[in-house]
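Quick notes on the structure that follows.
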Amino acid sequence: MKMLRSFIPDTLLIALAVGAFFAFPYDLAFLTRIVIMMIFVLSIDLILGLGGIVTLGQAAMYGTGAYAAGLFAVHVSNDPLLGLLAGMAAGAVIALMSGLLLMRAGGLTLIMLSIAVAQVLAEIANRARDWTGGADGMRGIRMGPILGQWRFDFIGQTGYIYCVVVLFVVLFALKGLKASPLGLMARGIHESPARMRAIGAPVYQRRLILYTIGGAIAGIAGALAAQITQLVSLEVFSFTLSAEAVIMLILGGAGRLYGAILGVLIFMVVHHLAASVDPINWLFLIGLMVLLVVFFLPKGLLSLPPALQRLIGGAR
Amino acid sequence: MTFITKRQLAVTVAACLLAGAAQADTIRVGVIAPFSGPFAIWGQQFQQAIEVYQAEHGTEIGGHSIEFLYRDTGGVNPDQTRALAQELLIREGVDYLSGLVFTPNALAVAELATQSETPTVIMNAATSMITTQSDYFLRTGFTLWQVTVPMADWALAQGITTAVTAVTDYGPGIDAENAFRSAFEAGGGTVLDAIRMPIQTTDFAPFMQRVRDQAPAAVFGFLPAGPPTYAFTRAYNENGLREAGITFLGTGETDETTLEALGEPAMGLHTAYHYSAAHESEMNHAFTARLAEMFPGSVANLASVGAYDGAALIYHMVEVAGSDGPAAMQAAMGHAWESPRGPVSIDPATRHITQNVYIRMVDRDAEGRLINREIDTIEAVPDLGLSQ
């Protein structure tokens, strides 16, 4: 019974994804952006929410994945799935390499270093104009059909389904990881690294593994963005991207995977609606929303139902 | 799972359009630009200029009424730009796209414009190769080569034979450096040194010292508009380059929206550009007066004139071809008209605007405000970047 109950949110999510496809046939481009962002924020939830590794530089892996997938499409093969693997591998490699240093640090040092990694990569991409197109962006990415079957269409139906499938694969993989010994150990490290070390857990090594997996997932998100937009710009490494993703995670609630999905959905839908109603002053509304949530629901929107329950219970 | 086929969707869209046409034929134009964040001024200038154009020319032309829709990209964001363009094309059913400030954003729209045969009037994004990426791209802004080459030619004509270039180290800066160097050296000048300054720098004293030590007749600068430009022009004065007789040559550094903030140090700076708000023509006086009347505190700059002429071009295409994309593109080719910046036309070879480039010097007008006074004109300059 308990086993069954744990699948309710997933069934709901799948129904939501399918429903959105039919309910908003004209907004698939926007929905696809939301799905890609969800994958990216999930990668942050893994390292920040689960492992307690606070960084503001996850865009480093996202951007690397995007450029890797772009270069792969231009120079090697236009197969989307192979490109996705290339992006994933590139994200993992960058996370592993930078993680060797970063995972030895903590707190503010870690935050600063993670930002620095993204900045350095952005500068490298800017310099390597022949490869990346520099500030003009990398163009010429043309994707082939998925599995030789489904072409990317103008309306974005293929793109949406493709990204949704990847999202669910990532989500289920992360659910498995969360329940695995590695996931449990990560939770322990999050709560008290000193104690974990005392019981003999290899803290540094486990954090490095977690960070690398997070990097691989961020790389997947970047690769999807490159394949859908067919252009990669230097902004994939921007600090704003990393920071906004963390805000979305906190909005939804960190450490529970569904928080990442809810946070991205609410943030981007409000952003989209507010920005199309009032293209000049919409930022105010977003700011207000984040303020209210952080103030009244410090654990994110996911904690809204229990909070309401408490409120009603308390009134009685 | 059943897919909605493209045909089914096309039928639905067509049905909606026909239903609309029965009442009043409205042509919709999607303007994609930054309206929030540090670049919000661009969207604002676009929208104001378009509204001025509509106030002057009405919202109807050739039996069609024209409606502009505005969408916000923030800054450089090709992912969002592409999604917004898709939304405008598919859900809002726009017949024309426009705006587009940054090169990556414009490039992200290229494939969509081609596939949907939607004429796209780029109001700013200034890299030469953009218009080669889609047959449906037109541009009413400028390119770096278009204004930089005349600057180099004019300098040579003034007897300046040695120069140092000092540019910000990013794509457009390097383009400007290449454009200046190739034109200057082709005309017999010598570039003594090519300095590339980091994009985050605000302290330009060491670079200015380096320029001064080499004693060129002129320094050619290129920087992104905003705080770096203030610091750069101040460093030019404080390090004694002006006293040493080193002429300052630039392009968009003395933009009208930031000119007043530059203050006294800006006096006498030489720039080559396609538009000055102080351009002496009846049409420009009418345009700037109307802009100031409708939006107190606003000043016209390159974004305003790019959008004003973009609207003019779209009106012309709508008048001739309505919502027929390929026919509208035909109508735009070679189209010539009078703009607040002077006579302009669309070059059929590049689909870029051919225009006068003016050599200007910062001066004060009768009321003591800083203006870009035009002192020389190079007539009918096409985009010079693609032939390089």
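Note: Cβ is positioned from N, Cα and C throughout, glycine not excepted.
Curation does not apply to TrEMBL; its annotations are automatic.
Because the structure is a prediction, the values reported are computed rather than measured.
Taken from TrEMBL as is:
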- A:7-24: transmembrane segment (TRANSMEM)
- A:30-52: transmembrane segment (TRANSMEM)
- A:82-103: transmembrane segment (TRANSMEM)
- A:110-128: transmembrane segment (TRANSMEM)
- A:159-177: transmembrane segment (TRANSMEM)
- A:208-226: transmembrane segment (TRANSMEM)
- A:280-302: transmembrane segment (TRANSMEM)
* To do: Spell out yes or no: are there three or more C-beta pairs under 8 angstroms between the transmembrane segment (A:82-103) and the transmembrane segment (A:208-226), with each pair 6 or more apart in sequence?
  => yes
* Asked: Hey, which of A:7-24, A:110-128, A:159-177, A:208-226 has the most Cβ-Cβ pairs under 8 Å against the transmembrane segment (A:30-52)?
  -> A:208-226
* Asked: Would you call the transmembrane segment (A:7-24) and the transmembrane segment (A:208-226) in contact, using three or more Cβ pairs under 8 Å, pairs 6 or more apart in sequence?
  -> no
